[in-house]
Every structure is written in C-alpha cells, then in structure tokens.
Amino acid sequence: MDLIVQKFGGTSLSDEQSRRHVLRHINRELEAGTHLVVVVSAMGRSGEPYATDSLLELARLNGDALPQRERDLLLSCGEIISATLLCSLLCAEGIAAVALTGGQAGIFTDGRYGSARITEIKTERLNMHLSEGKVVIVAGFQGMTPDGEATTLGRGGSDTSATALGAALNARIVDIYTDVDGILTADPRWVNDARPLSAVSYEEICNMAQNGAKVIHPRAVEIAMKAGIPVRVRSTFSDGEGTLVTHAQVLRTQGIWFDKTVTGLAHVRGVTQLAVINRDGPADVQLRVFRAMASHGISVDFINVMPTGVHYTVLANDSQTAIGLLRELGFEPTVRDGCAKVSVIGGGMNGEPGVMAVIVEALTNAGIPILQSADSNTTIWVLISEHQLAEALQSLHTAFGLHLTPAREI
Ligand code: ASP
Ligand code: MG
C-alpha cells in the first residue's frame, strides 16, 4: 500500500483559510491514489482557545492542584478537537475519514505523564480504516498506557507522533507541514539572506533542532532516522517541496547532496557561563559540582573539566539555582550572564581541515570574542556574548558562503 503520513501544525489548522490549504494537500495526495494518515496538533497559538498553551493555563487554575494524570487528560483535548474538526471538513467534502485519539490509533506509551515515551504502536485499527479507503486522522502529541490512561509526549510531541506512525506503517514519506518553507541555512529573523535548504541529513537536522532551530522535534528525527523513513519539512501555504531529510548516503546516491562542509547555523539565547576555580581545594570538586547539578535536574552544556576547576553553561532560567548550589558547596563561581550559543553544523566537516580557522577569522574580524568552544564531528559550537549574536550569525553565514546555497534542484 502506498502510504504517506502528513502532519499539520497548529498554525495550519487555526482558521478557515489555513484549513482550506490543508484540504488541498490532502486532496492532492488522494488524487494520486495515496493512502493517508494525517496527524494534527492543537489549533492556534497561545491565547487562542484550543491551543496547548491555553489548556496549560486552565491546568494551572486552582493553585496547580490538578494531578498529572488529569493534566495530561486535559492537554490531550487540544489535538482531539483538531482531529474532529478536520474530520468534519473532510466529510463535508465527501472524503471518507475517521478521527482517532492517540490511544485509539494504537499508540502505547509508558506512564510518564507530560513526557511519555512511545513504547509500541499496534497498527491493526489503522490498517483496517486505511483498507476501508478512509483518511485516518490521528490526534498528535498523545498516547495511552497499557492501562488505558491518556498520556502526552512533551511539548512539540506531535512531530514524534507523525514519524512514529510513519515508522510503524512503513510510510513512503512523512510530510511535516508548517508555516515556513522548509529548513533554512539560519533563522531568517537574525540573518536576512538565509536560504532554504533542499535537503539535509538526519544528523544535521538533529543537531539544528537540538541547538535551537524550532523547526522539528529532535526525537521525531531520531525515530525517522532509526527506521530510515524520509521526512519533508514544508509549508502548508505553498506547493513548494520543502526540505527533504534522509540519510546522507541516500542524498549522495540521489545526487542531491551538495557535500558542503557547513550546511547551516543554529543558536540558543539566554545562556549563563559558570566557572569554578579550584586551585588548592578538595580533589573531588568536579564530581560534587556535576552531582549537585544533576540532582536538581539542571542540564549542563559546554562542559570543560580541568585539574584546576570546571567551566560550563546552564540556561538562564536555571542560573540562580545553579549558583545557589555552588555556594552551598563552598564555591564562589565566576558568572557570565547574557551569553548565546552558536552552532555551526555540517555533515561534511568531519575530517575537513580549516573549519575552526574560518570561524575564528570571521568572529575576530567582526570583533566578537569567543568565550568557549566545543566540537563534534558534525558541529562546532561557540559561546559568545548575546548582544553580538546578530553580527556573529551574519558573519559566519557569509564566511561559509551560506547565502550562495543553491536553490532546490530536484
Ligand atoms: N500541541 C502540542 C504543543 O504545543 C504538541 C505539538 O504542537 O507538537 O506542544
Ligand atoms: Mg511543533
């Protein structure tokens, strides 16, 4: 059976005009004889009645008394509303459709309310409706425990529902429809000549998503990568092909891999750098620092451990707690607030000499000090002062010629 999964985000479903675009993409695939599973997110953004943020506000009434189980039950409603509304639109057009909750679609999860993991997808019911010729609309962002309790998958989780369904049903492709044309070489709000990318590898998009690009949830990519299911990130509001995401090897054999050393930039703002110097103090300083952070659920980054002390970063939200913990341990950290982390990402940089030299040269010429750096085989991260972020992104974008990224060629 030729099957694709389409996922529509909240802004694609929020008004009548947007939903007409959704209908157009559904009709185009049906006319080509494709079977469809359509995953939906909650409608609209914060402040709009059925958006997840609005439901979260309801959950917080009564002094946060709502238990986790009931909170998930409430949050799951946003996607159920979208699924039923889309079903009514399709039925009105004479298209056979059925709307299912995550649980009804056979998506089983563990019992971690608010951040449940998918453990299994039972596809019998999905296959039954598909073989009846129906479009199967599934409420994203949710599943069900083996005991039948509704769970949610964490913010942005409907991307994960889509790729997990794609993997379970062996879909030809998972199309993630959103309000941008695809993945760009950098955030266009910061870099005015950012260019759309025709293709990126799973590793590259994972790095982008983990480092601040909000275009797709990293867990969704991991699931697609494991199953080898291609993903496309594309706009609901145009007919553009968007950005294809698959294995680098597949892109190369299809001749659509540009073999660029650097593919794109991503960034995270609101980072605080902490340095604990320990020249003559206790030998177990490293262990005590990182244990304290871990036991308070503070995620650490840019970790640099030396015999004389440790440097690392935390998100600004966590910085006061982190500083308090360090003081409790008897350390007086040096604190640098207002930092930003810039990631230079490219599947082709592995073993390629000179990438760091280009970064250092571009930033030095722009008068931007590098406060810390780190690297992996597909990414180099630099920590800079946030007030220089726009300039840093623009100079790196130019230095790597990303403004010359060719238009889609397939
Ligand atoms: N509606 C959920 C959220 O806002 C899930 C999603 O949109 O992917 O996080
Ligand atoms: Mg999303």
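Cβ atoms here come from the backbone N, Cα and C positions, even for glycine.
Marked as ATP binding site by TrEMBL: K7, F8, G9, G10, T178, D179, R189, K214, V215. Among the features that TrEMBL reports, substrate binding site is placed at T52, E79. Annotation source TrEMBL lists domain 'ACT' at 344-410.
Pairwise Cα distances among K7, F8, G9, G10, T178, D179, R189, K214, V215, the recorded ATP-binding residues, top out at 25 Å. Close contacts with ligand 2, defined as a Cβ under 6 Å from any of its atoms, occur at G9 among the binding-site residues G9, E79, R189. A distance of 25 Å separates the Cα atom of R189 (ATP binding site) from that of T52 (substrate binding site). The two recorded residues, V215 (ATP binding site) and T52 (substrate binding site), have Cα atoms 18 Å apart. Nearest neighbour of T52 (substrate binding site) by Cα distance, taken over the binding-site residues K7, G9, T178: G9. Among the binding-site residues listed (K7, T52, T178, R189, V215), T52 have a CB atom closer than 6 Å to some atom of ligand 1, in sequence order. In this view, G9 (ATP binding site) is surrounded by 25 other Cβ atoms within 10 Å of its Cβ, with every protein chain counted. Across the domain 'ACT' (344-410), DSSP classifies residues as 28 helix, 13 strand, 26 coil.
Here the domain 'ACT' (344-410) returns a mean pLDDT of 91 for the predicted model.
If you take the C-beta of T178 (ATP binding site) and look for same-chain residues 6 or more apart in sequence within under 8 angstroms, you find G9, T11, S12, V215, V233, R234, S235, T236.
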